[in-house]
């Protein structure tokens, strides 16, 4: 079973089946009545313990009801026609149900649908949550949570409301920015242990106010409905991970008595599973270390668990032909042990697993017998290795497994992966009775060749019941079995039934010679009824559906008496006597199979009698990290020590730990006196999980490794770890290379280290690797191409390697594109050649794989490139969306222009052409930026798209002319705007240009900076500082009017996202205390600090700062009027984000950040200008106040590079060197000996202090409307950061001031600092503004000011400079305008609690959205334009932020039988198409107006592949 975040009362409550009936009665036969309808009856639900049934007509959006088990049906008249969008049954009250509409008025019943009352939710349903709109309290049926969405156009704010009176009054606002809220008491079995908490505790998955990414979601709890006390929301974050909360919460699910939370993080698809049985004490789910099992997204399934443990199946093979491993937890859901390997799964994550209802400890599972062949399967030739599947059964909850037997033959059964009906696959509440479809033999055959088998002893013995596959059901607690033969044709005209446990069968014809294709067969949830529903289909392509009611009440005249019953024992020994199962004997009273009577006890469930046994060896299993070895349990990993044991101990200290055995969870056996099998034994602390580390000795260690190569450089791929990863390695893959211009030669030696360079080993020695391509988003994954179609890859950090065959040979560029959310989705662009009539034609072809290369589908031919543009953070795009640059016609003719082509379904049916004569496109943050020819103006035009479907042309500032020679470079864009560099001087050696910045949809541009320096390849001296809002550095050309002189370059900084630029203030003296030749307090054009920038870096990834080192920057440069040569440069640093600088080293030193900014290492790197040699590094642990030297080698060497994890989180560094003898080697420098204590952030005794950035010209710390406080480690704290520090500690909003506004479009700043209309222009019109902002409801008459969207300042009307004029509705939005004028509690929440326009901040947006690359993208061709145009006076328009979305990946999918529509489609062969259940269409809206990326200083994760330079390849020829 797969869960979706909510517990359901019974498996049948969420199933879909229907019936309208007309009766035909025959003597000694069941009564059969047929109702014929136009549309499939979906979402059929029985009210528990009744014959009342509901179903939905999805097409007509109506609800139908029957109160006689489907004989007669009536449309529910209390609900208006065409309003019923979603039927939801109350999970804990068998008389209640709800029908949701698309609006805010919905319907409920408390009397099993006899009457329906309207209720108000206060917001429309949140369609992004599928069917999980309502969540019910298990102890009080009146308490209901409603997950809604407040939408305007495509913009949605996700909110949650609640009721404590079953919506008798209007729903109350609970919380905003939610991805789902849940009552803690969400199942009958779960309890917090306190009545008041059970009653009111609510847990919400909450998105970060400043981030749209799921990796920043958090779990927050409240015991008073998130109400405010003293203006502070009463909520707290549970300490899920020992003593702190966990980011990246994507889902929550209640499983029996456990509450599970799944978390995700950047760089990995490994998830963290956290479990609690009281919401107070949490544990991370721990899996055995012996086989390295991990819980990855989309690769694990929470099975139907027990009241005493959780069972999970984890996929461990290729996704296209998967198998899994099954685990069972201990009693608190924390420590999992392995039950069974090689379980059979399908690509949807369904597992062949089912428990026998009502009998503890028995379940059936299918395993793959030829698993070795399946695991080696490479799908060569398009054919997979066929699985040989065999069935197993366990009677001790997975400790041991046995074959199924029919007679003396082995029996194999079709299970969940071959689901043929709704409901459970095998069993029902009928004690001991099991039906299945299967076959005898060595392994499972085809479903169509299977027969029906029956067992009446809970699966111990089986016998054949019917020929061929059937759909089947149980009634009257097993007194009657009903079956209908399966068929893909409309040729079934009878049903079959048995009154003696399947020994004999009778037939009954359908009335009026009706012949159907059976779709499903069902009955009441508890299988106590004698009434059944059969749904069939006729009519071929114009189908009709028949709901057939079957009533067997007249077959037996009498009700069973005591003599008609027998004791049935769940387990018998070899002598036929009751034996112990899970520590007890279990006995049911059930009808004898030969008795000619019915129980007639509708809705009364069977109750077993149990008797506990004394414990034996059979009641124990191997404990966590122990594996069975004969009669013993052998240690296979570290041992769990009790809390607070071994924390400050020495390795040889001891504790009482596991003996290797544990009592099977749920086993009820009575312990004997004396020693027990699971008594703790003496263990050493060195054997424990998190064993004590060696104490810090205060020493730095260096380890050298020599590479036998003639090459002098290395291609280095650091595999970053995700926060949710259980790995602790620091893996690097390197190979020696040599760069020459834009080309690279590689030595075919590939090395791997798992410990950051202390030890190295060769990998892939027998393979001829051509290219190495790390996955852009999942850092555990790396691909290796060859000169053939063979592609090698690893998904576990180079631990194991696999291969697939690509559809074409790789071309000259990067052949792979990756999806940001789906690890296994790939696009391959390669070269294909066809020979026709002796002439060979070659072209590039794009192919798509959704299973990591096992299967490929051709997407397009004659393409230049394709990219996945779907992203979970952008719900306005389909997750499957792909955008390609391709030739308009499928040929290589010169006059064949390129176009943009998009698809939202992998090019299956949707294939849309956009624009013409396109030069290139680039992805940057949420934008798709396109450069196309403008034939009319003989130049280039820029276009942008947010949704990948609509491409709007860019409008440049007044008089901004773009000629055919202009070159566009898309710069790092991280504030919901395109930063576009346009070259204005194109003479070689003199190139520079302007940076213009777009509005929120990428279409309207204004000036940000002019005369910005670029090199001859149009790379630009522009860099945003990661981790902080609004800080950027540029280099400008000061002497642009003197074309015959070399460039005079100056450095400038912006602290407000490019609205203003200033020089860097020079330090007063150098590191030796000597004054500089000039001085300036703030920096000016005559005296300032100037830094060597992006265009001069041999490695473009060497940035001034790292996001984890908040506020710290280093640079090489000089003090003076302009930038001097690198040979004359010294090294400078700042600790306050560039407001003040100091000289720390003479000469140009290169730097790396470690331990999240707590360690900075400098070394003198050799360059052509300065071929220096050294043997020393210099480091600081106190933000540069003091520096210490360390000799990493005995003699001076040439340092080629220094590297570490790009996130700056490691305490290890690698120095790459070459000695005088030409030998190339690396030196690992390990700083872990400096500290052995993890830093604490406890209030009162914290190792951190709070630091706030500021603007140098503003008196307070308000920047962009708020004061941000960041955590930084104290200088004297002798500790290390053991987890990712949440640097952004808190944000407090300020009152709006003039600094929060800028001049509106077509306005310029006057001498009086007021915004005045540019002569000859007009203010933007209402029509134009509403057209450019299609989701806006209202328009304000222009005041000349507009709010800087980065600001979060709080306005009150009087201080809002952009709203001191009259508001008007946009055309067609008058009603919404009026509605929004009426302020509600929810409106106040959005206006105050979540400030308008929380803007994106600089740092990590680009790293997370632009394929993990850093750098710049060039579009189009080079050009020139007038540099004296009047637009240079325009202030920049900081952008209106565009919406992005946090994606809530489900923890696990719903139980196969719990999804109404999908269940019906799975058995009917339906599906496809798709669209929202609410809208009936596929147009999805997205969230939110208020969620934007904010730099928090903890996401400086940069790929090792450089930002691509995407130029015009002059109509490439292949």
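Yeah, the Cβs are placed from backbone N, Cα and C, and that goes for glycine too.
Checking Swiss-Prot for transmembrane segment across the ranges 1436-1456, 1457-1477, 1478-1498 points to 1436-1456. From the options 1365-1385, 1386-1406, the stretch Swiss-Prot describes as transmembrane segment is 1386-1406. Residue with Swiss-Prot feature N-linked glycosylation site, selected from 209, 1001: 1001. Counting in whole angstrom, residue 1293 (N-linked glycosylation site) lies 42 from residue 332 (N-linked glycosylation site) by their C-alpha atoms. Taking the Cβ of residue 332 (N-linked glycosylation site) as centre and 10 Å as the limit, one finds 18 other Cβ atoms among all the protein chains shown.
Remark: secondary structure over the compositional bias 'Basic and acidic residues' (672-681) totals 0 helix, 1 strand, 9 coil, with classes taken from DSSP. Helix, strand and coil counts under DSSP for the repeat 'BNR 1' (64-74) come to 0 helix, 4 strand, 7 coil. Note: the repeat 'BNR 7' (1132-1142) comprises 0 helix, 4 strand, 7 coil (DSSP; helix = H, G, I, strand = E, B). According to its DSSP assignment, residue 1293 (N-linked glycosylation site) is in a strand. Residue 307 (N-linked glycosylation site) sits 11 Å from residue 332 (N-linked glycosylation site), taking the CA atoms of both as reference points. When the glycosylation sites 307, 1293 are scored by other C-beta atoms within 10 Å, 1293 scores highest. Broken down by DSSP into helix, strand and coil, the repeat 'BNR 3' (453-464) contains 0 helix, 6 strand, 6 coil.
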